[in-house]
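Scroll down for the structure; my scribbles are underneath it.
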Amino acid sequence: MAKRSLSSLSAADLRSKRVLVRVDFNVPLNENGAITDDTRIRAALPTINDLIDKGARVILSAHFGRPKGQINEGMRLTPVAKRLSELLGKTVIKTESCVGSDAEAKVNAMADGDVVLLENVRFFSEEEKNDANFAQKLAALADAYVNDAFGAAHRAHASTEGVTKFLNPSVAGHLMEKELQYLQGAIDDPKRPLAAIVGGSKVSSKIGVLEALIDKCDKVLIGGGMIFTFYKARGLSVGKSLVEEDKLELAKELEAKAKAKGVQLLLPTDVVLADDFSPDANSQTVSIDAIPDGWMGLDIGPDSINLFQDALADCQTVIWNGPMGVFEFDKFAAGTNAIATTLADLSGKGCCTIIGGGDSVAAVEKAGLAEKMSHISTGGGASLELLEGKVLPGVAALDDA
């Protein structure tokens with residue numbers, strides 16, 4: 001179902017209007033409380049700047065960390081307000097609380113084009129309970145609603161879902177619109193062949209995604225720690241590699257399902273082993289049927305990289321979610337880096353490359369290739385749920401186009 005977006009609202013619609021914008025500002029901080037990666041703040045700028053240009057009064061709502069419904073001084077949005085002020089080139093006023101007299105006074109004092117950042121909504125337990133009274137208090141600050149927090153769209157919270165019952169219009173921001181366009185588009189109407197690369201350490205966290213992707217894709221490539229559950233299910237010995245014993249039957253079923261559907265399901269043919277889980281462990285590369293006892297697999301090997309590159313060469317759409325190995329250790333990052341480089345090359349040849357959230361985004365950024373990809377998703381859980389074909393409450397609640 002297509003959703004109405006901010007693009008459909010003109011300056012005449014928005015001038016002097018108070019617009020509540022849900023953003024995803026859940027950024028990492030270092031021990032000194034400084035922001036170490038402002039990607040999520042920058043991702044919201046197109047929506048914020050568009051609203052400023054159209055003369056709206058911009059009221060930003062965000063969560064930060066998990067304060068569990070209580071005020072936590074270390075989880076205030078003060079560093080975010082400071083960084084956003086720098087990026088916008090204008091002062092962003094932060095409130096003491098997201099609802100109540102201070103928020104009301106600061107919103108009432110706004111002029112057209114001003115930006116106010118409401119304090120962490122999760123300081124109130126009512127936020128995650130999607131409490132209607134709390135949602136109404138948030139909504140009372142504004143005349144219209146924009147949801148640009150794709151990363152929180154899979155949660156039915158007061159600021160992502162509840163407020164839409166009290167604000168009209170309720171529309172998708174530019175980032176949300178782009179996320180839906182790419183991720184939904186890749187699933188519903190992709191240019192084919194469509195391939196998915198799924199990595200990460202556990203099959204259990206990707207079951208729904210793997211099942212959905214086997215239904216929709218022409219090729220599914222699997223890497224990361226989860227491959228050892230598949231190998232063990234095939235009867236291979238995996239040394240002391242990570243295995244989910246309770247998922248062996250599922251691994252067999254997934255392979256059988258792919259075969260029955262004529263989907264190419266590719267697993268690595270060789271792996272890079274370590275004698276210990278550490279950056280300077282001893283390592284060796286072996287075929288998957290020759291893993292010795294006492295060793296664990298921490299990356300895919302060079303033959304597997306070639307196999308995966310060949311499989312991807314003719315693809316028109318590629319979705320990547322999850323690293324191929326323990327890329328945080330340089331010695332075991334070759335597989336992940338090779339996939340990042342391959343996708344960057346494919347993008348240059350007109351392939352639509354989508355990096356679906358989480359660790360793969362970090363890997364692509366670490367390799368300096370983020371700009372080369374068609375789309376980098378800002379959602380972790382939200383991306384996975386959308387790829388699984390689930391309805392995201394924060395999206396469903398918006399006005400239909």
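Glycine is no exception: its Cβ is also placed from the backbone N, Cα and C atoms.
Sequence annotations record features per position, and here Swiss-Prot assigns substrate binding site to D24, F25, N26, R40, H63, F64, G65, R66, R122, R155. The ATP binding site annotation in Swiss-Prot covers K206, G297, E328, G357, G358, D359, S360 and rests on sequence analysis.
Projection of Swiss-Prot feature records onto the structure.
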residue : record                 : CB count, 10 Å
D24     : substrate binding site : 25
N26     : substrate binding site : 19
H63     : substrate binding site : 27
G65     : substrate binding site : 13
R122    : substrate binding site : 24
K206    : ATP binding site       : 22
G297    : ATP binding site       : 29
E328    : ATP binding site       : 14
G358    : ATP binding site       : 20
D359    : ATP binding site       : 18
Under DSSP, is H63 (substrate binding site) helix, strand or coil? coil
How big is the substrate site in terms of the longest C-alpha to C-alpha distance among D24, F25, N26, R40, H63, F64, G65, R66, R122, R155, in angstrom? 18
Same-chain residues at least 6 positions away from S360 (ATP binding site) with a Cβ under 8 Å from its Cβ, in sequence order, are G199, W320, N321, G322, P323, T336
Can you tell me the CA-to-CA distance separating K206 (ATP binding site) and D24 (substrate binding site), as a whole number of Å? 23
Quick one: pull the CA-CA distance for N26 (substrate binding site) versus G358 (ATP binding site), whole Å only. 13
How many Å separate the Cα atoms of R122 (substrate binding site) and G297 (ATP binding site)? 40
By CA-CA distance, flag whichever of G297, E328, G358, D359 among the binding-site residues is nearest to D24 (substrate binding site). G358
Where G358 (ATP binding site) and G65 (substrate binding site) are concerned, what is their Cα separation in Å, rounded? 16
Express the distance between the Cα positions of H63 (substrate binding site) and G297 (ATP binding site) as a whole number of Å. 37
